[in-house]
Amino acid sequence: MLPVPWPVVGSLLPIVGVGYLIRKLRDHRGKPGVNWFIVTLLAVMAWCLIYAGSLLVFDPRLRLVLEMGTWTAMMGTGITFLAFGLDYTGRGAMVRNPWFGMLVAVPVVTSGLVWTNPIHELVWTDFRLDPVLGVATVSYEFGALAYFAVLVGMVFVTAGMLVLFETVISYGPLFRSEALAVALSAVPPGMALLAWLTEIGPYPQLNLTPIMFLPHVAFDIYAFVGGGMFEFNPATRRTAQRRALEELDDPALVLDTRSRVVECNPAAESAFAVESPTALGEPITSLLGTSLDVDQTNTNQLIEYHGEGEYAEFSVSASALSGPSGGQVGYVLIFQNVTARRRRKQRLRVTNRVLRHNLRNDLNAASGYIELAREQVSDEDARAHLDRAKKDVVALLEMGEKARAFEQVLETLDTPTTTVSVESVLTELVERDEHAGQGDHSGDLTVTVPAGLELRLNERVFETLFANLIENGFEHAGTPDPRVTVSYDGIEGDHLAFRVRDRGSGIPDHELSVIERGEETPLSHGSGLGLWIVRWCTDALGGEIEFDSSAAGTTVTVRLPKQTLESQPTTDHETASSAQPRPR
């Protein structure tokens with residue numbers, strides 16, 4: 001026979017596990033939920049210790065005091081467990097909300113009424129010793145307030161379990177087993193407390209809740225010591241999700257499946273002149289004042305917004321929100337204000353079209369006048385000046401045509417990428433040069449690429465890039481027999497390397513510095529569009545460009561992302577041309 005009755009021993013055993021847990025949790029203090037969980041464990045420890053001690057006290061008055069202490073500890077476990085669940089899952093702001101203080105008032109007021117119960121007897125009546133199994137158990141008649149207080153405490157615990165279960169469902173395997181263990185840990189003591197409250201069992205006066213804290217503590221030790229529950233905290237993920245939406249510079253709206261607004265970020269409030277409380281529940285069409293097709297496949301949807309004396313154009317992208325079961329529960333809409341960009345693009349198009357049209361007409365007329373003037377003068381110096389003027393006019397006309405061609409390339413930037421045979425594209429450039437007619441100088445163009453090299457990218461941009469590099473090689477040759485070579489030099493790190501070499505006098509330093517710096521100034525600028533087109537095309541392909549210019553010639557290295565490689569090359573193939581490329 002045990003020297004101490006088993007109900008006393010059973011009520012004391014959880015204290016060992018609770019003490020071990022608190023010791024382990026000290027290193028995690030300050031993390032979301034840890035402090036509240038420690039307070040919960042301290043309340044459990046107090047409950048077990050006071051109740052175990054009370055079972056050995058047969059003095060009615062002292063036994064009444066210990067029963068009041070047991071009730072006080074019992075009242076503290078529910079609210080602190082709820083605070084732990086909210087804080088741990090990233091809802092700490094709710095714990096600090098004044099409304100949560102009203103919930104705290106329930107156990108606080110109840111505890112006060114417990115200690116003053118001999119005066120008003122609202123919590124229980126007919127308190128008396130009712131020993132069983134050799135321990136000083138007591139019996140009393142529960143008042144309505146007692147039922148209310150205990151049930152509210154159980155509601156607090158259930159709510160804490162639910163937020164932990166929500167973590168189990170929403171956050172995947174990273175927190176699943178640990179959060180599930182903590183949620184289930186509240187079930188055994190909760191069932192024992194409910195049995196005591198409803199007086200079920202052969203010994204209804206014996207409260208087995210402290211003993212049932214044994215499996216509770218076992219679940220907690222598994223979660224926090226074995227599983228490292230506080231090493232990875234769901235509060236981090238929840239906070240990141242909330243902050244990502246709140247701090248997004250672009251307006252963002254969250255819709256339900258009926259296209260009603262359920263959340264909006266500060267940028268949306270500012271852009272659409274609404275406040276979050278008034279926007280919630282509104283149909284998206286009412287909020288925007290225009291129709292919107294919520295379709296995640298339409299990534300380039302444009303809408304016009306007419307606000308309070310303001311006009312704006314937005315590009316809207318939508319993505320579906322899926323619930324834990326995989327079903328769609330709503331949408332996230334991101335609005336990008338493209339008003340300034342579209343207006344600027346429109347102005348550039350108009351200006352470009354007008355200037356190109358007027359310049360072409362006027363320059364063609366000027367070219368004709370120069371040719372007429374040249375035929376009517378016999379002075380060689382005058383003829384030389386007119387030839388120079390004619391050459392400059394032709395260069396301007398070619399620059400205009402090049403700008404027009406590049407504008408057409410820009411229109412293809414939003415088109416899907418395709419599989420491109422590098423050999424075919426570069427061979428076509430060679431053949432185009434051979435059929436372009438003889439220029440003022442002869443020259444050689446050699447292309448060396450593997451026969452099976454295929455890339456997935458925008459073909460027009462790729463072709464324009466190398467056409468301008470080749471033209472640039474001939475333009476800066478400075479010799480009557482220029483030679484340009486284009487080669488594929490394999491994979492270098494994370495890039496595919498192409499090199500275009502010429503043996504001319506090199507590109508002027510001031511031209512290269514402007515391109516490498518990426519901007520022109522009134523005192524530092526280039527003389528044409530060719531190198532700028534090369535730079536823009538490389539950027540559009542996600543690549544890098546490097547110039548190595550010397551008196552012996554220029555080597556331009558173009559590095560494209562390795563991810564664009566579609567198929568591995570086999571053998572090299574060389575194509576040669578004797579014609580100098582015409583400007584494009």
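In case you wondered, yes, glycine gets a Cβ from its N, Cα and C as well.
Residues 38, 41-42, 44-45, 48-49, 51-52, 55-56, 133, 135, 206, 208, 210-211, 213-214, 216-218, 220-221, 224-225 of the same chain sit 6 or more residues outside the transmembrane segment (6-22) yet have a Cβ under 8 Å from a Cβ within it. Positions annotated as transmembrane segment by TrEMBL: 6-22 (among others).
Taken from TrEMBL, the feature transmembrane segment covers 34-58 (among others).
Annotation comment: TrEMBL describes 64-86 (among others) as transmembrane segment.
Listed by sequence, the residues of this chain that lie at least six past the ends of the transmembrane segment (98-116) yet keep a Cβ under 8 A from its Cβ atoms are 68, 71-72, 75-76, 78-79, 82-83, 122-123, 145, 149, 152-153, 156. The transmembrane segment feature in TrEMBL is assigned to 98-116 (among others).
When Cβ-Cβ distances below 8 Å are used as the criterion, the transmembrane segment (144-165) is approached by residues 74-75, 77-79, 81-82, 84-86, 88-89, 91, 103, 106-107, 110, 113, 122-124, 179-180, 182-183, 186, 190, 193-194, 197 of the same chain, each at least six residues removed from its ends. Positions annotated as transmembrane segment by TrEMBL: 144-165 (among others).
Per TrEMBL, transmembrane segment is recorded for 177-198 (among others). Sequence-distant contacts of the transmembrane segment (177-198), counting only residues of its own chain at least 6 positions beyond either end whose CB sits under 8 Å from a CB of the stretch, comprise 74, 81, 142, 147, 150, 154, 157-158, 160-161, 164-165, 167-168, 171, 204, 206-220, 222-224, 227-229, 234.
As annotated by TrEMBL, transmembrane segment applies to 210-232 (among others).
Averaged over the domain 'Histidine kinase' (354-564), the predicted model reaches a pLDDT of 78. What TrEMBL records for 354-564 is domain 'Histidine kinase'.
TrEMBL lists 561-584 with the feature region 'Disordered'.
Summarising the annotation, TrEMBL assigns compositional bias 'Polar residues' to 564-584.
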